[in-house]
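Asks: Below you'll find the structure I mean.
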Amino acid sequence: MPSYRPPKIASSEITPRQVYLRRREFLGAATLGAMALYGAGKASAAAFSAVESKYKVDEKTTPIKDVTTYNNFYEFGLDKGDPAALSGEFKPLPWAVKVDGMVNKPGTFDVEALIKEFPIEERTYRMRCVEAWSMVIPWNGFPLAALLNKVEPLGSAKYVAFETVVRPEEMPGQKGFFQSLDWPYVEGLRLDEARHPLTLLAVGLYGETLPNQNGAPIRLVVPWKYGFKGIKSIVRITLTDQQPKNTWQVTNPQEYGFYANVNPAVDHPRWSQASERRIGGSGFFGASRRPTLPFNGYADEVASLYAGMDLKANF
């Protein structure tokens, strides 16, 4: 795998200054900030003793207001603003993730304990939605590989399946009229994708506790894939030898595949993927248009995972 070449850019240079300063102030009082954001429950201060990692991009980050108010999270509603408006009753603590299947050491793990166990990094990634819009987000989290190593996958395990929580009493989209999706929301990766150093379990963004509308308290971030692969509010991770289906693949297999790698050469049946709207930019309605990069700009790191594959057939 080619070595990662981080651009020479500091966090204070890519982040709007007022947000950067607020984040550093937050880090000095993480417990109070986390409790205020989560409401119920006591969040771990260790969650935000994050260190900046080599994983950065030489691009301006999306304003936190846009990151937290322009979301797809159908468990809370169909509109981009619904997750922020309708997730106030969702309780992200206490929270546990069950890891089972083809592993030597299955278990159910408290998220706060995982945050204390694994070093939390700050990673700034591009995020490309399949709907042809994008953001640049500074996440806080730990590699999924760290959790997988803890449970020791069997040699026969080839895939990793993920499952979102089902709480219709707190997630109005799960009991609303939009029932073309079967709950729980599910996703999957190949095991080598899941173990890749870029693949992250995020517990925060912009140095703060992960908001409900962004997938609290723990979500997946796979920056070279379309955003729907980033399953939110995870409650179960299963190692298997069978390729798992994902929710959108089941719902519309002609439009959504298992891999969902960002590919400007493979259009969605209803729109082009050659370019994207960068949310929070200076263009029309606050979005600027730019060419989409193969694998969302991470080709040097991940293209070898798909050597010899037909990327049009395996979309």
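Yeah, the Cβs are placed from backbone N, Cα and C, and that goes for glycine too.
As annotated by Swiss-Prot, Mo-molybdopterin binding site applies to Asn71, Tyr74, Glu75, Cys129, Thr164, Asn214, Arg219, Gly230, Ile231, Lys232, with the evidence given as sequence analysis. Positions annotated as signal peptide by Swiss-Prot: 1-45.
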Asks: Counting every protein chain present, what is the number of Cβ atoms, excluding its own, within 10 Å of the Cβ of Glu75 (Mo-molybdopterin binding site)?
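Replies: Summing over all protein chains shown, Glu75 (Mo-molybdopterin binding site) has 29 other Cβ atoms within 10 Å.
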Asks: Could you find out if DSSP has Thr164 (Mo-molybdopterin binding site) as helix, strand or coil?
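Replies: The residue in question, Thr164 (Mo-molybdopterin binding site), is strand (DSSP, three-state).
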Asks: For Thr164 (Mo-molybdopterin binding site), just count the other CB atoms lying within 10 A of its CB, please.
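Replies: Step by step: centre on the Cβ of Thr164 (Mo-molybdopterin binding site), count other Cβ atoms within 10 Å, giving 23.
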Asks: Including all protein chains displayed, how many Cβ atoms other than that of Asn71 (Mo-molybdopterin binding site) lie within 10 Å of its Cβ?
Replies: 24
Asks: Near Ile231 (Mo-molybdopterin binding site), how many other Cβ atoms are within 10 Å of its Cβ?
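Replies: Step by step: centre on the Cβ of Ile231 (Mo-molybdopterin binding site), count other Cβ atoms within 10 Å, giving 25.
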Asks: Have a look around Arg219 (Mo-molybdopterin binding site) and count the other CB atoms within 10 A of its CB, chains all included.
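Replies: Around Arg219 (Mo-molybdopterin binding site), other Cβ atoms within 10 Å: 23.
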